[in-house]
């Protein structure tokens, strides 16, 4: 900010907003202006591929020698810059490009810091061809003067090799530095000796080798404190805006970020405060907090300490050492304190002694063991009788080889290994049993640890972390003669002439300060003179990162990490999954009931599922059609109150059992109905002071709002239940207690407005008069139903619903149910402004649901294929989840589809656009169908709140079939397309768009048609076995003991008698429908030699079998139909035409000629009327005669199961007489 805050006065000589960063956008090209002398490389392929040709868009590029095992390209920027991005290309017009690389940076060319991406990955993505530019923008800017480019992968096709051209983007950076040794400090004296601010912006950079130290400190007389310190390698901010003994509030708030900050790398800190809201940022990690207490201003006295506190009789803060290391550009509300110290401003006070304005780094030259086959081989003094090895290491791994050496004269070997957090010492002796001992404890904690080993004949001593008071001593008999080679971190996989053999894994971590026989190992000299070898090491840097800070495990899961990955332990958290994201409990008692839990008892529920609220235990009272949730509290028994007034009332807080206030409120919000009994008993104590007075007593509910109505009354009515029932003791008042009688009365009833519940506090205010007394009680909270489970809409037009942007954090899950007949469509989508980050769940085909996302490394997807169609208009459950470990998709009870991510993956779930339901952006691939129960990270979305009939969004699952212009006829099933509909006529004897077209046949003399329903009978055991697999199966199982049958058809003839229909079984059962001489029909035993039908019959259906439709509209190659004689198709004039809309694309007669259509329709009606008047008879028969017969034009679907009933009375058939 410009200027000063509060009484922080500005003067021209102060370095206000010193130009540590240049104004304007930070996007200057830093490599292009450099001379050739600024480039250095480990080797070159030839002169044409020298390091100085590695400029973006150049005519060549840098390529190292093929013999270079660990190539690097180094750039000297000549001065310090703030760097924000890097861009790479391959070598011009070649097959040479780098596919991945590591970038090191630093202030000097012999001390490096690796750039670590989010997720802990040090490998940046590179190019895929030689000409396109791959730009990587750093997730936090850093400062550096020197850069080192390490190729980690490259193109090998078509004889390709390493090749790179690059550019770095940034802006100039002015550095003001102070070096602290732990016994010095700087203090800034405030103008007018005081500091008061509402808003603060404090920034600094630091680097150190120490784990503890005070960076900034100041305090005030009113209890205000500001302290920024390192503690065990972590950064802590302690801040208080003041504490109050009167209000009994402690204003101190502590925030923590980062870990392993003792790496001698620059770290960038910013503290921003406005009132009680604080953001603490370290590098790219930001923590946010709201400060404790009730104050908003920071009031500090006298001065601000930098680097520690040194005063008379106080060399440091109690229990807090001063800082040792470098501080750079310390800004306090725009004032650069370090610049003022360099200019010796009078407001700056320095500790006695000399202060250095440059960093005096201790260069221990650490090295990083980062590869699967890494090792370091160094020489030793041969055949000495004493062995001494000392080194420092840090790692997260449980096991790994630290050091191995083989003794001279084949006397054995010595192995130091890391195992279960201890250093294991194993001594191998020729022809003897090996000796094994352990030292140390929890040495795989990521911090530096020292191992000091000394051995001579019959004595070996190991000291861990220079704790000389408790060294490990081994006095077994053995002989020591040192070998000439020592291996650290692993053994060579090839050219292993020293016979380095171990069963331990390779070590992953950092080492430094290696001493062999009390002599330091200079890695640079050793490699220059080729005295040693190494593979897969990063020299001059420690690239360890803490993957458990911040904790990637949600819901207080415990994080365990190794060098390149982490594991979440979710035990006893109530959650499961790779990052403890998914709740193991149901969201409500209703959800348990719907999942088959029908017995009452204690259940643990989680109303927001994967959300932040913890699960809690409730009592579920299960009913046949609903489940009640019961939560008790501390006010079940009556609470007596006396001595309270309106101005100083008694406040009875309600503490619910096993649940916090937020958790109980979440339960009420997700329930369909809630109620809570409340009772107020009074003896000369008024309640609401109705009808117009100020209430003496009231209750506080959800959202901390006061409510002036009592149990049994309407919300905000200022009444009690007796006023609603007209039973109040005194009709002048609206509550019994408001009559103010000297006898006991009570007002009681249920509070039933869910949005006001649960009750949080009961306030009683009229018990201070002589003889006044009151008592109240509150019943348990009772809730039933779950309105989110059945929160349902139908989308009937191409449109979409918009909700606020989804902000999931490190993990995201989306769950919902869908139901549709459509073959594809997008369920949900959320994206950023440029669609570079998005997630989408869609129905890709009739059998596939796809979870598509781009949240880091390109577009990826998880596809789940179902063996059955998903567009069957049945409800299907979908669950999509993504986190840093994997992406997962689950549909119904099918095996889930999983895409696992490699270690060190970062997932950027950062969206800016509204969350879309029903289509992708710009209504692409719209979804038509039903959705219900949509949740994002456990939090439900109110779909029904977006209902808009004009937009095609309906409440409940209702589509075009609900208000069809023409219903499906003759038992046809309506197939809802939600925007339109169609009729399924497969199980009917009819055809056409509405199943309205009759299919009939004309039979001449001697003609007949036979339909074979089954080739052989089915046993009863097989019948029941198939019934449990498919309840509709018995519709197809004719041939064995069917007790109920449906038959319908239409016919017209002028000849009697005639056999209309005959059905036989494999036994003696049969059905026959005859036309007698007098024109009446009977279902009876057929007469021998009865003449067949001469005429027309149509719409023939026996249960689900339609013989005529099978014959004239076959859907199989060889239909089971046999005919004899002349049988020709005819509609027999059975039904009038349907006057309804038929889509033109499925109407073969559509011509668009209105006059011709009208003429044909009039002619058809005239002919039809004459035909019906003269000839038509129509019948419908059913063998189970007590049932009510239905017309064949009924729209009842034929797919309803025909239930098999046993022990029915035999049906007596009456034979027709001639």
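Heads up, the Cβ atoms here are built off N, Cα and C, so glycines get one too.
Residues or ranges marked as domain 'F5/8 type C' in TrEMBL: 18-171.
Sequence annotations record features per position, and here TrEMBL assigns domain 'Laminin G' to 177-359 (among others).
The annotation domain 'Laminin G' is assigned in TrEMBL to 365-542 (among others). For the domain 'Laminin G' (365-542), the model's pLDDT averages out at 90.
Sequence annotations record features per position, and here TrEMBL assigns domain 'EGF-like' to 544-581 (among others). Within the same chain, residues 116, 119-120, 122, 234, 257-260, 263, 285, 287, 368, 370, 394-398, 446, 508-510, 604, 606, 610, 614-615, 810-811, 813, 881, 883-886, 903-904 sit at least 6 positions outside the domain 'EGF-like' (544-581) and bring their C-beta atoms closer than 8 Å to a C-beta of that stretch.
The domain 'Fibrinogen C-terminal' annotation in TrEMBL covers 580-644.
The domain 'Laminin G' annotation in TrEMBL covers 790-957 (among others).
Cβ neighbours within 10 Å of residue 930 (disulfide bond), excluding its own Cβ and spanning all shown chains: 24. The disulfide bond annotation in TrEMBL covers 930-957.
Under the heading domain 'EGF-like', TrEMBL lists 958-996 (among others).
Here TrEMBL flags 1149-1173 as transmembrane segment.
For the domain 'Laminin G' (790-957), the neighbouring stretch richest in Cβ pairs under 8 Å, chosen from 18-171, 177-359, 365-542, is 18-171. Note on residue 957 (disulfide bond): other Cβ atoms within 10 Å of its Cβ, all shown chains, come to 22. In the domain 'EGF-like' (958-996), helix, strand and coil residues by DSSP number 0 helix, 10 strand, 29 coil. Summarised by DSSP class, the composition of the domain 'Fibrinogen C-terminal' (580-644) is 6 helix, 24 strand, 35 coil.
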